[in-house]
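Report on the following structure.
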Amino acid sequence: MLSGNGQLDANKWTPFINSQTWTTYILPGLWGTLKSAVFSVILALVMGTALGLGRISEIRILRWFCAVIIETFRAIPVLILMIFAYQMFAQYNIVPSSQLAFAAVVFGLTMYNGSVIAEILRSGIASLPKGQKEAAIALGMSSRQTTWSILLPQAVAAMLPALISQMVIALKDSALGYQIGYIEVVRSGIQSASVNRNYLAALFVVALIMIVLNFSLTALASRIERQLRAGRARKNIVAKVPEQPDQGLETKDNVNVDWQDPDYKDLKTPGVQ
């Protein structure tokens, strides 16, 4: 069927050799994808951190409030959030009409991914040994200091793979903006295919671009994770203090008594030589 429609012909790929195809369709769409993904990921990290910390707060009302927000926006599909935001922004003139689709895409991606990141953060902190928090409190640190200085850095390092996976999801979900007229790489690829009648080639190029983006993001995350682990390993190195001749018998590892020593006296049974 594809060969009958000419989709497998070599001339269907020639438009991608022409720079006009890239400057008119692909590159503007790629910029739209990257722009919406970067903005939404940054806002989702801020939102997720705030909701995640509120989720483990000692204030009960704050915990309930954050839990309601998290569970609500995690349950709503991203596309519905985008359509809702688009209609709301247009109805009340919240954003300029030229930025309407972009704002709706960022809103949908931020609310959904921020809620997921908040739950990832909460579970990451909850998985840490309780002894660390107890030790910090015993040292006189407040609950806030314990969370920011002890628990949060470890939780972020532990949940980094899950965070990167969520960022990849945000990057791919930006393609849903096609439904509300947002110019991103999938929409641009389809527009290019409509002009050149090469749907298979255009979709293949778009898929290849998304694969390269996701692979690059995953590789960057893996490198950051290795650096974090190496940094923690360097911090955990304990230098061994060399023993001094007059150190004395301070630990059981340093005690080496010769039971055949004639000068040894058993303190439990006085008089025994």
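Glycine is no exception: its Cβ is also placed from the backbone N, Cα and C atoms.
Here the structure is a predicted model, which means the values were calculated and not measured.
Swiss-Prot has this to say about the protein:
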COMPBIAS  262-273  compositional bias 'Basic and acidic residues'
DOMAIN    30-221  domain 'ABC transmembrane type-1'
REGION    242-273  region 'Disordered'
TRANSMEM  26-46  transmembrane segment
TRANSMEM  64-84  transmembrane segment
TRANSMEM  100-120  transmembrane segment
TRANSMEM  150-170  transmembrane segment
TRANSMEM  200-220  transmembrane segment
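Long-range contacts of the transmembrane segment (150-170) within the same chain: residues 37, 40-41, 44-45, 53, 109, 113, 116-117, 120-121, 123-125, 127-128, 132-133, 136, 141, 214, 217-218, 221, 224-225, 228-229, 232, each at least 6 residues beyond the stretch ends and with a Cβ under 8 Å from a Cβ of the stretch. Residues of the same chain lying 6 or more positions beyond the ends of the transmembrane segment (64-84) and with a Cβ under 8 Å from any Cβ of it are 51-52, 54-55, 57, 104-105, 107-109, 111-112, 114-116, 118-119, 173, 176-177, 179-180.
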